[in-house]
Each structure stands twice: as structure tokens, then as C-alpha cells.
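Asker: What follows is a single structure, and I will ask about it in a moment.
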Amino acid sequence: MVFYLFMLLLLLGSTLVFYSLSPYYAALGLMISSLFGCVVLTSLGLTFLALLLLLIYMGGMLVVFVYSSALSADRYPMVSNLGEVVLLFLLLSFWVLFIFEDFLESSTLFNLLSPLNDLSSLSVLYDYGGAYLLVGGLALLVVLIVALVVSYGSSLLALRAL
Amino acid sequence: MNRLVNAFLLTSLIAGTSLVIFSNHWFPIWLGLELSTLSIIPLLSYTSQSRSVEATLKYFLVQAFSAALLLNGAVLNLWISNSWDVNSITSPISYFIITAALIIKLGLAPCHFWFPDVLSGLPFLSTIIIACWQKIAPMFLLLSLSNLVSSEIIIVCSILSVLVGGWGGLNQISVRKILAYSSIGHLGWITCVAFFIPEVSYLLFLFYILNNTAILLICHNGSLYYLSSLSKSNVVPITAILFSIALLSLGGLPPLGGFINKVIPLIVFSLNGNNFIIPFFLIGSLISLFFYIRIVFNTSLTLFPQHSLNIVSFRTGNSSLSQPIISTLIPITIWGLLLLPIFFLFI
């Protein structure tokens, strides 16, 4: 039952991301959804993935996102619509609850999974699946160069004013 | 743009498409599709003109969304069939999601709306990459999936594509938009054969790519961006004639090579007893033939009032790199009908 509460809070985070007027609340929603996504993953037994998500997503990407949205702040920011976001979230969750009511009585199969369930298949990624890691890393290198080229634009000296 | 960066991005574009073609695990396929999308974004938007940047943004959004949808379908297939293998599509729902993603990527109707918009904002060399090279990977996936599961969604989307390609190109004055709608129509012809014999679709797709590349290269040489500039262009005179022939071949007139693209699907449909869909294809291609002939008319068949010095132009500056490529691709449109017996290997 608590598991579904965590998934509901994940939904709240996502609603905050797509429905809020100000980008700071959207970043807050990203934080909430990634945090509760990690909690959901942990309760399924996939602790390594949860740690990975937390470190890279929250510790790396989100910090960069918040700083860049602070750089591109507009002069007269809009007041947030937090009440509408919460109302939309409550409507969505009640809609799902009243339609798919039966799942609340089903057995909680999830807690039977042993912890560290992801490490056995994760080792394959570094062993036989080393080519996937290499190709993934090369693709990320291409992404870096693309992001640099797009943001430099035509000036080639410094970041132009976005 | 810096030459090294240009070479790096083109190499990663080729690598991305090769990654899609040569793998049978869904993850590198998704990775290759995203890599090919990402690596052409600087190539499309380096001029920083607002039209190119807008077209690049639209292209990126559509392709990223469809790649995410493809990954979603692949993970759903993993859940149901316990396999990442491409050859193990077992459930109809995952097949439908993956096919929907590929239809959005290809620009088949009913998901074609981004395609003329994107093509009309880009210069012709970028158009060649978007309309010819970027279609190889999703078309390859669609055809290899059709080997496993034959579903009628392909027939419905291809009939809609042919009709949309015909009617959409009727009132256009921009050559890029006309070629975009012609591309939608041709992909409709090619994907409908995939329901019956997917190997033949590879052949038709290759033929279409070569024909389209030749036409787009000629348009790039003469900077033929609008119908009004067709009669005033200074191309090498033989190119003007070959341009008309290549366009009529794209329209599917019989002694020319593009007729293969029309006669092989018709043979396949009637051999399988599926005569009901043939009139839709014929109507769509007849309407698209009208706007091909309109381009040919404005290029070679009319002579607008002008000085006689403009009519005969022997000296043109068009000895660019694309002239030999055009010269090797055009004979396919003229003699291509001799390749018809290859098709009978597949029956």
C-alpha cells in the first residue's frame, strides 16, 4: 500500500513538471519525481539502479539544469500555479483509483523479490556487454560535441546570449 | 563549420544508421536512431537562419519522440516475451507501438505532417540527408519486422500516404514541399509491398532513394527552390533534359525506370488476389503525376518571353562535385526498367 503512495508521489512530481508556469517549480518536480522513482526502485529490490539514478540524475544533471534555468531567468517571472497542479494531481489519482479499483486488493508480489536483484545482470554489462558500454560512451561523446556546436552557434568565441 | 567537426558528425551519422541495420538487440537500434538524429542537428542548423533552426527543432522533436516510443515498445516486448531480440516480436501491442514509432519516423500518413514543414525550411543538401539517408534505418526496421508479423496497419497507412502525397502536392509552389509530398506518396507504394513480400520492398526503396537523390542534387545545383525559378535557372542544358526525365521517372511513366516502383507493387497485389487496394494507389499516383508534369512543364516545355541570349547558355559554372554523382544516378532512371527481371527472383 505504501508502494502505491510512492508511485502517486512520482505522479505528483511529473504533474509539477509539465503543468507549472515557472521553471523553478518544474525543476522541483523533477527532483521529487526522481527521488520517489529511486524509492520505488529500492522497494523493488533494485538498489544499484536507484543509487545510480540519484547520483547522476539529481547530483549531476539537475544541478546543471537549475543553474542554466537561473541564468535564463526572465525579468518578471510568473507567479506559480501550485494550487492548480495539486488539484490536477488529485483529479488524476482519483480517476485512476476509481476506475482501477481492483488492484488495491491484489497481493503485494513486489516485496518478495530479493534485494540486489539487479547486480547479477549488471555484471553482464561490464563483461560480455562491454561493446554496449563503449558504443554508449561514444554516443555520449557525440552528444557533447553536438551540444557544444549548437550552443556556440556562429560566433565560435564564447557562448552567445541564448 | 569546422571541417573536423563536419567529418566527425557525418561519420557518426553513418555509424548510427549502421548500428541500426547491423544489430538484433533493441537497445543498439534505439541508440543508433538517436545517434543519427543528434548528429545531423548541427549539420541542419549551422547557418543560424531562423527557417533552418525552426525546421531543425521540429525534426528533432518528432524524431526524439518516436525514438522514445520505439524504446517503450521494445521494453514492453521485453516484459511480454522475455527477449531483447528483434526477431521475437510476439505480442500485437508491442508490435503496434514499435510500428507506430517507425511510421512517425518515416513520415507516412497519418503521421506525415512534420515532413513538408521540415523539408521546406532546409537547403537542398540537408534535404537529401533527411529525405533519403534518414529513411534507411526506420525503413529497414519496418521491413524486417514485416518479415515476422504481417499486420494490416501497414496497408492502411500506405494507402493514406499515397492519397495524401497526391493531394497534398497539388497547390504547392515550393519545389521542396512538392518533393516532400512526392516522398510521402512513394513511401506509401514501397511499404505496402512489405505486407506481402518484404524483400521486394528493399529493392523498390533502393531504387526510390537513387532517383530522389539525383533529382535533389540537380535542384541543389540550379538552386531551384520555387516553381518560378525553374524557367530561369542556368544549369547545363543536358541537365535540364535529364531533370525532366528523372521527374517523369519518379512519376512512374512506363519506358522510364521509375515504372518499376509502380509495376512491381501492382504485380504483387494482384498475385495475392488483393485487387481492392489497387485503385487507391492508382488514383494517388495519377494526382502526383500531375504535379510532376507541372514541374517538367515549367522547366522544359514552356519558353517565357526573354532575351535570346538567356536561352542558349553553354558556359555555366556548374562543374561542382555533384555533377559526376548526378551523371551516375541518372542512367538508372532511363534504363532502370531493364532491372525488372530481378524481381522475378523473389516470387
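Easy rule for this one: first residue shown is 1, then count along the chain.
Placement of Cβ uses the backbone N, Cα and C atoms for every residue, glycine included.
The domain 'NADH:quinone oxidoreductase/Mrp antiporter transmembrane' feature in TrEMBL is assigned to B:23-288. Among the features that TrEMBL reports, transmembrane segment is placed at B:59-80, B:92-115, B:153-171, B:178-197, B:203-227, B:234-256, B:276-304, B:325-346. Marked as domain 'NADH dehydrogenase subunit 2 C-terminal' by TrEMBL: B:289-343.
Help me picture these features in the structure, burial and contacts included.
Answerer: Sequence-remote contacts of a segment are chain residues at least 6 beyond its ends whose Cβ falls under 8 Å from one of its Cβ atoms, and for the transmembrane segment (B:178-197) they are 106-109, 112, 115-116, 119-120, 127, 131, 135, 139, 142-143, 146, 150-152, 154-155, 157-162, 164-166, 168-169, 172, 204-205, 208, 212, 215-216, 219, 250, 261-262, 264-265, 268-269, 272, 274, 277, 281, 284-285, 288, 291-292, 295, 346-347.
A Cβ distance under 8 Å defines the sequence-distant neighbours of the transmembrane segment (B:234-256), meaning residues of its chain 6+ beyond its ends; these are 182, 186, 211-212, 214-215, 218, 221-222, 262, 285, 288-289, 292-293, 295-296, 299-300, 313-314, 316, 318, 323, 326, 330, 333-334, 336-337.
Remote same-chain residues near the transmembrane segment (B:325-346) are listed as 197, 199-200, 203, 207, 210-211, 213-214, 217-218, 221, 239, 242, 245-246, 249-250, 254-260, 263-264, 267 (criterion: CB distance under 8 Å, separation of at least six residues from the stretch ends).
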Asker: Looking at the domain 'NADH dehydrogenase subunit 2 C-terminal' (B:289-343) alone, can you tell me the average pLDDT?
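Answerer: In the predicted model, the domain 'NADH dehydrogenase subunit 2 C-terminal' (B:289-343) has a mean pLDDT of 79.
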